[in-house]
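Notes for the one structure printed next.
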Amino acid sequence: MAFFSFLIPCFVIGTDIAFSCQTTHDFVDASSPGDIVIGGLFAVHRKMLRPEEYPFKPAIQNCAGFEIQIFLQTLAMIHAIEMINNSTLLSGVTLGYEIYDTCAEVTKAMASALRFLSKFNSSEDVVEFKCNYSDYTSRIKAVVGASYSEVSMAVSRLLALQLIPQVSPVSSAEILSDKIRFPSFFRTIPSDFHQTRAMAHLIHKSGWNWIGIIATDDDNGRFALESFGVQAMANNVCIAFKELLPAYLSDNTFHTKVDHAIEKIVKETRVNVIVVFMRQFHVLKLFKKAIERDVNKIWIASDNWSAAVKISTLPNIRKLGTIVGFGFKSGDISTFQDFLRNLLEKPTDNNKFLHEYIMLLSVCAHLEYHDFQTCISNQSQDDLLQNVENKHQIWKDGFLNANIEPGFIHSTILAVYAVAHAIKRQCKDRNCKDPSAFAPWELLEELKKVTVVDDDKEIMFEPNGDMKTSYDVLLWKEIDGHMEITTMAEYDPEKYDFIFEDEEKKKEFLDLKKVQSTCSQHCRPGQMKKITESPHTCCYECVYCPENHYSNQTDMDYCYRCNNKTYWAPVNSTTCYRKTIHFLTWTDWFAIFLLLLSAFGVLLVLSISVIFTKNLNTPVVKASGGLTVCYVILFSHFLIFLSTVFFIDEPTEFKCKTRQALFGISFALCISCILIKSLKILLAFSFDPKLQNFLKCVYKPVPTVVTCTGIQVIICTFWLIFSTPFVKQNFSMPRAIILECSEGSIVAFGTMLGYIAALAFICFIFAFKGRKLPENYNEAKFITFGMLIYFIAWIVFIPVYVTTFGKYLPAVEIIVVLISNYGILCCTFLPKCYIIIYKQETNTKSAFLKMIYTYSSKSAGSVAVSQVSLDSKSSSSQATNSDSCKSEKNSVNGNCHFQVPGQRLIKGKALPKNTARSEPRKRHSSI
C-alpha cells in the first residue's frame, strides 16, 4: 500500500508545459498508430537542462546532448515494428508505437511511464487509482526500454502496478532479475552477473590480480561494482581502488571527481588494468582527461560502451593503451542497415528524433568526422532552433551506419519480436483489432512462454526474465590508422569459457598476458605466497617451498606436502620425486670387494681341505685332531663365508632369516670344534694331576660339539619363531629408502652373538693355558691369537654397527664376519699348512718324537731344580712301574706311559733320569 499511496492522487499530465512541451502530444517524441500500441523508453539525450531561475516549477524541461547510438535504437524499434506489420506474423493486426525520450533522467522517465499507465481512449491523460487493475485498459500493452538500469528500475516499479510487460534491450543490472521486486521486467540480454563473472574470469586468466574500478554513482554502477567485487574475490582478484563518478553531467563536482580519478590511476603505478562501468558520455569525458595525462593502461569496458564508435574515434585514443570489452551478441542486422539508407524518405512529422537529427546535420555538416559527432552531441534543443533558421537541409550518407553498435540494435529488434510473438499467442482466439481484447497482465503470462528464433537458434526467457545469450569479447585495434572494434572471442555464460574463432584471435588474447598488473610479482611454481601486512590478499612475498613440499602452479597460497614417505622434494620444488631404493647391490664396488674376499676364503678352505687330505697320515694332520675334525671345522668356515652372500642385494624375508641363523650356527659349530681341540691339547700336555682328572671328565668330543652347537640351534629357532627378522624400509635418509633387514629382536640377536662370544672365551682360556706347548705342533697359541682377533673384531663391531646406517650397514657385518672367520681359519690351519709344504722334514714321526723328547727334557730340568732329594724308594718304584706298564695301557694309542723319579719312558724307551715327576703320564700319539 506504500507504493499505492504514491499514486493516490490522479496523475494528470498538464497542458501548460514550458519550452517545446506545450501539450501531452508534444511529450511524445515518436509515434505511429496501430491496433496494439507498444511504448518505448530511450535516453536519446544524455541530460535534462535545469532551469536557472528560482523557484523551480514542476515542468518537463528540454534536453541536451543528442546520442546517436541510442537514436539508432529507437530507429531499430521502429524498423522491427514496420517489418512485423509488413509480415504475416500477426495476421492483419498492426502494431503502433509511442516512443519517449528519458534524457537519462529517472524523473522524466517516470513521467513517460505515467502516460503509459493512463487510461486508453480517455478524454484526459489520467491514471486512475484502482484496487484491481484486471479490467483496466491502459494506453499501451507493453514497453520496450529503458536505456539504463537505474531508469528501468524506477519505471518497472510503476509498470508493475498494472503488470505491464517491460522488455529492455540494454538494462543489465543484476537486481532486475528479482521477480519479486520487478515482476513484469524482461530483457533480451544476460544480467550483469554473467558480465561481471566474464570480466573477472578474463582478468584472472590473463594473470592480473591488482586492478582499479571506475563506476557511476547510481544504482546501476553500485550494483555492478558489488557484483564484480564478489566475482573478483572468487577469482583471487584484488581491487586496489574504486572511484565513483556522479551519474549526471549536470553535477558541479563531476569534472573535479574525474580529475581525482585520473590522478588515482596515475599514482597507482602497479595498477595497469582498469574496469569501467559507466555510460558512454561519462567514458568520453574520462578518456579525454586520460589522453591529456598520457595514461596508458588496459581498459576493461562494460557493455554500455564497449562498442561505442564515438569513443573509438576520439583523437589519440590509441595513447590510452588497450581496450577490451564485453558486448552483447549481435545477429544479422542487414535489413536495418538498408532501412537506414532509406531513412531520408521517411516522414518526420511523427518522429521528433529524426527531425532533430536532420537539423543537427544541417548545423554540423561543415565539420570533420569527430568534430561533427561532438557538435551533434553538444547541441541543446533550444540552441538548435536558433541555429537552424538559415541552414539548408542536407543528408550525410553512411554516418548512421558507421555509428551502429550491433549488439544494442540486435537486442532491441529481439525485444520487439518477443512482444510481437506474445501478442500473437494472445490473439489466437481474440479479435485484437479491439484494444480492450486483452489486458497487459495477460500478455505478461504469454511473454514468459515465448520462443524466438534467432540465427537458427531458439531462445526464450528464463524464469527470472533474462535471455541467456552469449557475449562478444571485443578488442579495439588500430587498423590503417583508425581504431577498429573487432571481435576477439565469444564468451559462453553456460560453459563459463571463452571460444576463439581461430589461432590468430587466441594469440591476441594471449598477448594481453604480457602486461603485468599485480600488487606483487607472480610466485613461480616452486614458491608460495606469504601474506604481508597489507589488507589485500594479492599483496604478498614469494618464498620457496620447504623441503618435501612443492607447488606446481603460479601464485599458490601454500605448498603441497609430498603425500607419503616414498616421495621427496628439494627446496623450491615443482613436483615430488620418488625416493630411490637403496641396498647393497651385487654391482656395488664395495660389495664386489667383499664377495671377492668371501670367494677367496672359500678357495682357501678348499685348498686347505685338499692339503690335509693328501697329508692325512702325517703327524701335523694327526696333531690337528684328525681329518674328521678338520673337515667339520673347514665346513663351518665354508658356511660362514657362504652366509655373507645373504647380506648382499635386495633384502627378502628368506635372506633376512637365513643369514643370521646360518652365520650363528656355523660359527658356534666352528668354535665348538676348536674348543674340543683346545681341551685335547691341554689334556695331552698338562702335568697337573687335578687338571688332568677334570679334563678327562670334560673331554667328550661328539657330545660336547653337539651340545654346544645345539644350544645355538635352539636360540636361532626360538628367534625365528617368536621374533623373526623381516624386511624393513628405513626412511631416515631424506631422498632415499633403505631396504634393510630388521633383526626382529635385538635381545635374540645379542643372545646369539653373546653365546658365540662365551664359547670363544672358554676356548681362549683353555688355549691360553697350553700356549707354551711344543712349537711345531702347538695349536694352542694360534688358537689363542685367533680368539683374540675374534674378540677385537666384534668389540669394534658393536659401536660401528650402532652408529652406521644406510645401505653399507650389511657391509659392516660382512667385514666383521670375514675378519673373525679369516682370523680363526688362518690361525688354525695356515701354520700347519706351512709346515706340511715348507717344513716337510719336521713333519715326520722321528722329528715329532725328538720334539717331544726335547720338550720333556726342558720341562723335567726345570722341575728337578726345585727338588731337594730323591725318594729312597725310587728303585722299587721304578720296578713297580715297569711291571705295571704291561697292564696299564693308554686308551688313545695303546702306548705305555710311566713316570719314575729321574727317568721317563716313551714307547718303552728310557728318558733321562732328571725328567721331572710332574711330566705327563699319558700322551696321545696324535699329538
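Note that Cβ sites are derived from N, Cα and C of the backbone, with glycine treated the same way.
Here TrEMBL flags 1-18 as signal peptide. The transmembrane segment feature in TrEMBL is assigned to 589-613, 625-648, 660-683, 704-726, 746-768, 780-802, 808-830. Sequence annotations record features per position, and here TrEMBL assigns domain 'G-protein coupled receptors family 3 profile' to 590-846. What TrEMBL lists as region 'Disordered' is 874-927. Among the features that TrEMBL reports, compositional bias 'Polar residues' is placed at 878-896.
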So if I exclude everything within five residues of the ends of the transmembrane segment (704-726), which remaining residues of that chain have a CB under 8 angstroms from its CBs? That is, six or more out.
632, 653, 656-657, 660-661, 664-665, 668-669, 671-673, 675-676, 679, 698, 741-745, 748-749, 751-752, 755-756, 759
Pairs 6 or more apart in sequence, C-beta under 8 angstroms, 3 or more of them: is that satisfied by the transmembrane segment (808-830) and the transmembrane segment (746-768)?
no
Does the transmembrane segment (660-683) come near the transmembrane segment (780-802), with 3+ Cβ pairs under 8 Å (pairs 6 or more apart)?
yes
Same-chain residues at least 6 beyond the ends of the transmembrane segment (780-802) with a Cβ under 8 Å from one of its Cβ atoms are 674, 677-678, 681-682, 753, 757, 760-761, 763-764, 766-773, 809, 812-813, 816, 819-820, 823-824, 826-828, 831
For the transmembrane segment (589-613), the distant same-chain contacts (Cβ-Cβ under 8 Å, at least six residues beyond its ends) come to 621, 624, 627, 630-631, 634, 637-638, 641-642, 644-645, 648, 808, 811, 814-815, 818, 821-822, 825, 829, 833, 836-837
For the domain 'G-protein coupled receptors family 3 profile' (590-846), the mean pLDDT of the predicted model
83
